[in-house]
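Peer 1: Quick one: the structure is below, questions incoming.
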Ligand SMILES: Nc1ncnc2c1ncn2[C@@H]1O[C@H](COP(=O)(O)OP(=O)(O)OP(=O)(O)O)[C@@H](O)[C@H]1O
């Protein structure tokens, strides 16, 4: 099977980049596409697995094709359509398109052309080849649950932490993290983040061995703090970005000769132009800029985010689909408004961000990809009595 | 990731459907080979979603493959979900006794196929299928060879079940054997993943699976929360067939199939199968009463071997919860007493590929596959050469 993990350099050298689409713009298209899949999926009552699979297909697709050539919302619909079939939750193509139409502006829906269904069907064949029929995708959710079951401590706090981590996993779909790291690592990183933010300090865990310094040493090997921090920041960055509505909408489809203006430059919430640094700023002062979600100032939007399940009742189903298309991408991570998220807890400061971690090329297989068990030898052979 | 020629005009970056087709043609997909790398030799079967061809690799003509075409013509919902299922499952299953999916190839769109590209699943080629071998009177299995067949079959089932996959279409025709005597479970077109009752919710699978003659009583009675035992019933039917040489219970209707089962395995009652009374169709179906269990008695004349009869008796158990699983079956004395399972290669060598292809009856037409509501019709049975009933 192909390797679906890329380093940061490769993520800046995509077909879209070669097609003169700015990096930030591409990231925004990815985010919007992912968010749209999530919204469409949740409106159609599709489970989190189906939605997440669709999003991963979407990100993979644009490692081989440009956003300029394939309008993102059509691709998004196609990815969800295929994911529905793969995850045994099939939806009719025409129903997906109907839902898409209800969520998209006329201008955006125009990218579906005259025969939207045919458009999606044709694209499906391109999609299947692009992803090399590698249909099975794993997501951090199941690992999150598995890891959570091993952690000891206050049940309610643990529950809150898992809830928050779950939300982060949902939102991480809007980043390219799934193109960078295995789901196990993302699950560890986002639980680590949730632990920090919810002040749940993991002191003990089931299966603890002396050589384990951290709970996650039990599940993943050689994960550095730098790496965890980097993953956390990629997710937290989502919350400091403008909402899709305030961002200028520049569909890739309008003829756009190579230009130097930046229709995609992000704006801060107060409308000021803000250059997004190419790489996260390396020095500690940049840390406060990573706004840790500031819950109380936001009304809580109904969201895709499911309530993280009780450890006893995993895996959870989605909560009801949102009535209003959630715009919370720039809002705090949802979940029931956690009182504990009002800024970084004083006692447990978010570890200062030190330097952009070094990205070693990811090797697809690690010790955690246990292959399917080989068939066990049955009953040993005893030579028959002579 | 690689630069490529642009096929669209720069002023109109959005591609029309036509342009898209062209784009697919010109884009060199790094991961999906062109089916032209194989050369078709002969059509060997008709699957539910397309024809199956024997082919050889052009670069290495010794390498034989089976190409299963994925028909997309009449698909309202794009790439068929059954094909996706089969692909996903086969990608997960890598085992000596499971047919090996080598890759998926793509045939470029052309004028002839109305600009529709076609996909092929490429499998390792297997010279024989068990139904073909059993219907060829020249092919004789000795006891050790039968043991080897059953051992490999159960090994394959053990492997897929421990990977949480149900085959759901066990029958002799779906058991392939290579010329070296390695058995491969094939046709995962109906297979699906199962999990032990997700969050306490019983599964609601369709019970319209498994070719009627191999369909276990729980499916015939409408059970939807079924599991691995459905495949072991099929394994039992196939086991008996190793001696009888034709399917042991050839019902024409679900009702008739249940009658045949009761006549062989005894009456279906809550006494032998607690809970059966709660199955959806239990009251609707006519279940013969006062039938004695005669599995051993009726098969002994064919099977002779007492261990064989005993194992069969444990596979053809009405109550799925009491039916032997693959692990238990593999540990049965049948496989661990003389004559021990022995290699099939030698025996198969006498029935070389050419013999098989030209002298043996053709492989069964696959059109009577009894998924969904279809049943084997009389004509299909005639086509299949399964006329003489054993019972
Ligand atoms: N690897 C293989 N080597 C040789 N023959 C094969 C191979 N795979 C399939 N065949 C042959 O092709 C025919 C159809 O294949 P298969 O059973 O996989 O298709 P299908 O569409 O699932 O059929 P059905 O569902 O009707 O049983 C069979 O007769 C089988 O003998």
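Glycine is no exception: its Cβ is also placed from the backbone N, Cα and C atoms.
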Peer 1: If I go by TrEMBL, the feature region 'Disordered' sits on one of B:336-363, B:364-391. Which?
Peer 2: B:364-391
Peer 1: Using DSSP, would you call residue B:68 (ATP binding site) helix, strand or coil?
Peer 2: strand
Peer 1: At a 10 Å cut-off from the C-beta of residue B:68 (ATP binding site), count the other C-beta atoms across all protein chains.
Peer 2: 25
